[in-house]
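Worksheet for the structure shown next.
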Amino acid sequence: NLFQFRKMIKKMTKKEPVVYYAFYGCYCGKGGRGKPKDATDRCCFVHDCCYEKVTGCNPKWGYYTYSMNKQIVCGGDDPCKKQVCECDKAAAICFRDNLKTYKKKYMSFPNFFCTDPSEKC
């Protein structure tokens, strides 16, 4: 769920997720349209696509089983919740892997600037 996703992002990036990612670019946060602005925004686009493929549970609110030490390990018997966990894990790792190209100009980015045709998942 969103609270667990926040913890994963914080663990992987050492950044406060709400500040750094909740309103970043065209796809981070609620909704999304246009073309991703950079690699970090693409992480959010791919995460949105991943959530679209989830069936059988609500990705944003259902709790899943996972552990975090040096890496994130998704567990539990519920295949839907495990899939959500894997979506969140992939995005958190993607954010970490793209920290060097993170652009502050895309923080709190007004989505009315996201006018390019939207990409398909």
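Here the Cβ of each residue, glycine as well, is placed from N, Cα and C on the backbone.
Now, the feature entries from Swiss-Prot:
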- H47: active site (ACT_SITE)
- D88: active site (ACT_SITE)
- Y27, G29, G31, D48: Ca(2+) binding site (BINDING)
- C26-C114: disulfide bond (DISULFID)
- C28-C44: disulfide bond (DISULFID)
- C43-C94: disulfide bond (DISULFID)
- C49-C121: disulfide bond (DISULFID)
- C50-C87: disulfide bond (DISULFID)
- C57-C80: disulfide bond (DISULFID)
- C74-C85: disulfide bond (DISULFID)
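Taking the centroid of the Cβ atoms of Y27, G29, G31, D48 as the Ca(2+) site, the other same-chain residues with Cβ within 8 Å of it are C26, C28, K30, G32, C44, F45.
For the disulfide-bonded residues given as C28, C44, C49, C50, C114, the lowest number of other CB atoms within 10 Å of the residue's CB is seen at C49.
Secondary structure from DSSP puts C74 (disulfide bond) in a beta strand. The disulfide-bonded residues C43, C74, C80, C87, C94 differ in how many other CB atoms lie within 10 Å of their CB, and the one with the most is C43. Among the recorded positions C80, D88, C94, the residue whose Cα lies closest in space to that of G31 (Ca(2+) binding site) is D88. DSSP assigns C121 (disulfide bond) to coil in the three-state reduction, placing it in neither a helix nor a strand.
Ranking the disulfide-bonded residues C26, C57, C85, C121 by how many other Cβ atoms lie within 10 angstroms of each Cβ puts C121 at the bottom. A separation of roughly 10 Å, to the nearest angstrom, links the Cα atoms of C87 (disulfide bond) and C74 (disulfide bond). The Cβ of D48 (Ca(2+) binding site) has 17 other Cβ atoms within 10 Å, all protein chains considered.
Sequence-distant contacts of H47 (active site), defined by Cβ-Cβ distance under 8 angstroms and a gap of at least six in the same chain, are Y27, C87, D88, A90, A91, C94. Close to C28 (disulfide bond), meaning Cα to Cα within 10 A, are none of the disulfide-bonded residues out of C49, C50, C114. Looking only at Cα atoms, C121 (disulfide bond) sits nearest to D48 among the recorded positions C43, D48, C74, C80. The subset of disulfide-bonded residues (C44, C50, C80, C85) lying with their Cα within 10 Å of the Cα of C26 (disulfide bond) consists of C44, given in sequence order.
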